[in-house]
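Colleague: Quick one: this structure, given as structure tokens, is what I'll be asking you about.
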Amino acid sequence: MNITFLGTSSGVPSLTRNVSSLALKLSQSSEVWLFDCGEGTQHQIMKSNIKSSQIKKIFITHMHGDHIYGLPGLLATLGLSGNSEGIQIYGPSGLRSFINSSLKSSFCKLSFPLNFVEVENFASENKILFENNKIKVNCACLKHKIPAYGYRVSEKDKPGIFDIKKAESLKIAPGPIYSELQQGKKVVLADGRTFDGKEFCGPPRKGESFVYCTDTVFSESAVSLSKNADLLVHESTFSVEDESMAYEKLHSTTIMAAKTALLSNTKKLIITHLSPRYTNKNAITPSDLLKEAQKVFPNTYLAKDFLTAEIK
């Protein structure tokens, strides 16, 4: 899996950073999941390597405008492009009303169904939000001025590496049989021989895990959600020098994000959602924010619009 940042600014866009949005590209699939959709997100998608037609799920963290104002326009565009499969939208209660009223007020009728899932109960009861045979999604309550939720996407373990040479040495012909063996299934060949796929595969490969936490001040639930994750994307609205504002507005400092990564044993941290007050022309720059976080959690990176990063 990999992610592409479509917006990395907090509150309002700047000349170099749009407001919040991130695209997750699933492994061995053309499917894309979108996390937050601030104003101008569809323009950012057009400038990226993401195709809007690939978007199948949208996850919204909370109902502040810099995370949702791009939704009506994006959905309308998808409707014009002939998307007929439908989109699953996950988020707080109130999201359905916002989208439906926006579309109704602008006389926009979509050509595909929207399926809404309200996440409150899933977060409070620690229930799995989505699951199939390859992946599962969990969510957790964060600490912000309005209800906000973090999301974790976890791949299930993958089959071990298939030993082709062993299969060839046993004169097993290449083809669909190899696929079944790689999945650990028992197969019977045309000549009557029986093989157990587990004998041809190495140990299972651990699936990748990605966590997205914004907007929030430091939160123990974010630590729990991020436990042993491969990649944590966490908001860092403020420098540690502006910690008082972080507590006032219930946003995170660089140190809070780094502390979350450290306590959760996350492997890699990317900080995002930076206040526009930090520019290369000001006393505190984005590079300074990165250095602050790296003092606590060295394997930290700084998000920027259109940055693509592998989960592992």
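Backbone N, Cα and C define each Cβ position, glycine as well.
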Colleague: Which single residue out of Asp191, Asp196, Asp215, Asp230 does Swiss-Prot record at the Zn(2+) 2 site shared with Asp66, His67, His273?
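Modeller: Matched candidate out of Asp191, Asp196, Asp215, Asp230, per Swiss-Prot for Zn(2+) 2 with Asp66, His67, His273: Asp215.
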Colleague: Quick one: Cα separation, Asp215 (Zn(2+) 1 binding site) versus His67 (Zn(2+) 2 binding site), in Å?
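Modeller: Cα-Cα, rounded: 10 Å.
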Colleague: Given the recorded Zn(2+) 1 site (His62, His64, His144, Asp215), which additional residues of the same chain have their Cβ within 8 Å of the Cβ centre, ordered by sequence?
Modeller: Thr61, Met63, His67, Leu142, Lys145, Ile146, Ala148, Thr214, Thr216
Colleague: Using a 10 Å cut-off on Cβ-Cβ distances across all protein chains shown, tell me which of the binding-site residues (His64, His67, His144) has the largest neighbour count.
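Modeller: Selected residue: His67.
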Colleague: Select the most exposed residue of Asp66, Asp215, where exposure means the fewest other Cβ atoms within 10 Å, treating these as the recorded positions.
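Modeller: Comparing Cβ neighbour counts within 10 Å for the recorded positions Asp66, Asp215 gives Asp66.
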Colleague: Taking DSSP as the reference, which of helix, strand or coil describes His67 (Zn(2+) 2 binding site)?
Modeller: helix
Colleague: Ten-angstrom check, please: count other Cβ atoms within 10 Å of the Cβ of His273 (Zn(2+) 2 binding site), all chains counted.
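Modeller: Taking every protein chain into account, the count is 29.
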Colleague: Can you list the residues of the same chain, besides Asp66, His67, Asp215, His273, whose Cβ falls within 8 Å of the Zn(2+) 2 site's Cβ centroid?
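Modeller: Result: Ser10, Gly11, Val19, Ser20, Asp36, Gly38, Thr61, His62, His64, Thr214, Glu235.
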